[in-house]
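For reference, the structure discussed in these notes is given below.
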Amino acid sequence: MWVLAMIVGIVIVASWQVFGHNQQQSDAIKRATAAASQEITSRQVVVTLAGVSGNTGNTGNTGSVSAKPVKASPQKTQPSEIRATPAQLRSWVRFQPDRSQNGKVRTKVQFQPEKVAAWMTQAAAQLKRAPEKGSRQVDATGHLVRLLKDPVSGVKIKNLAKSTSQLMKSLQDGKREVKIELRTESAPGGFDDTVVPTPPLAYQAQPTQVWVDVNLSNHTTAVYRGNQPVYGPIPMVNGHPQAPTRQGVFQVYAKVDHQIMRGIGWNGSYEEAAPWIAYFSGDYALHGAPWRHTFVWEPEKGSHGCINMAVADAKQVFDLVSIGTVVVVHQ
């Protein structure tokens, strides 16, 4: 009997030793995994867009869109970057216990490509921006009658797959701080056009006579030769209700490439550098307004009386008119 008891005792001791060894291994694996997890979640991963701004604008004779930066609408601001949270970083990883050559337990870190790619796709979706259409009235020939709303260009992501591979490699290389720049391209907003009747001409010119039409009702400017448009109509901003643009038939009497315009207006003193100026009545002039981001008419944002145009449009008008060119300002 004592022999049997001894055997049972030996088996029990051996079992406890095995259990203890397994418990030690389990604890070592937990510690190694926790350390690896802490290292992973302390990394910094940031995704940004490379040089993006919204775009809107206008060009000459159709009122179509060209690149011109606009201030983002406050209620529709986009995030400038996306950062991976510790929980997200941890979710990308599969931990596998391993034993090193010296017998110590360690944890192998394996990043899962499909989870990294899914996060990148989600980040890109938050950073991109859908285009917004503008609104305008045009006549049957496609010429602008009135600009109602500017378009806003969207943002497309160009290199998502390449950027995802770059992020994956950086993670596998053990980089603690990773910044990925997504390359972008503009997605034009375009216009919703409404066809309306062509406004009647406010001036009966000779067939070869160049003249300028300033329409204060539609807030447009156009250069005509006879009854044919040469440039425009284009959107413009005329005088504020407290500083209305003078109406009548005038002539260009001075042209100035560039001038600092100073004065005291309806909203106090002002000082602006204006290009491509064509004076037609006293201090009233056609000129470029580089300080404006939109030429959609808003009464409270009217000018001090002059006709404000996009710089490119003002240059075209400046080049087409001469001293003596008729300027017709009307409702």
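Here the Cβ of each residue, glycine as well, is placed from N, Cα and C on the backbone.
Residues annotated as active site, proton donor/acceptor in TrEMBL: His287. Sequence annotations record features per position, and here TrEMBL assigns active site, nucleophile to Cys306. According to TrEMBL, the feature compositional bias 'Low complexity' maps to 56-66. Marked as domain 'L,D-TPase catalytic' by TrEMBL: 210-330. Residues annotated as region 'Disordered' in TrEMBL: 56-82.
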Alpha-carbon spacing, the residue listed as 'active site, nucleophile' to His287 (active site, proton donor/acceptor), which is rounded to whole Å: 8
For the domain 'L,D-TPase catalytic' (210-330), residues assigned helix / strand / coil by DSSP: 13 helix, 66 strand, 42 coil
Nonlocal residues around His287 (active site, proton donor/acceptor), in sequence order (Cβ under 8 Å, 6 or more apart): Met261, Ala274, Pro275, Trp276, Ile277, Ala278, Cys306, Ile307, Asn308, Met309, Ala314
Other C-beta atoms that fall within 10 angstroms of the C-beta of Cys306 (active site, nucleophile): 24
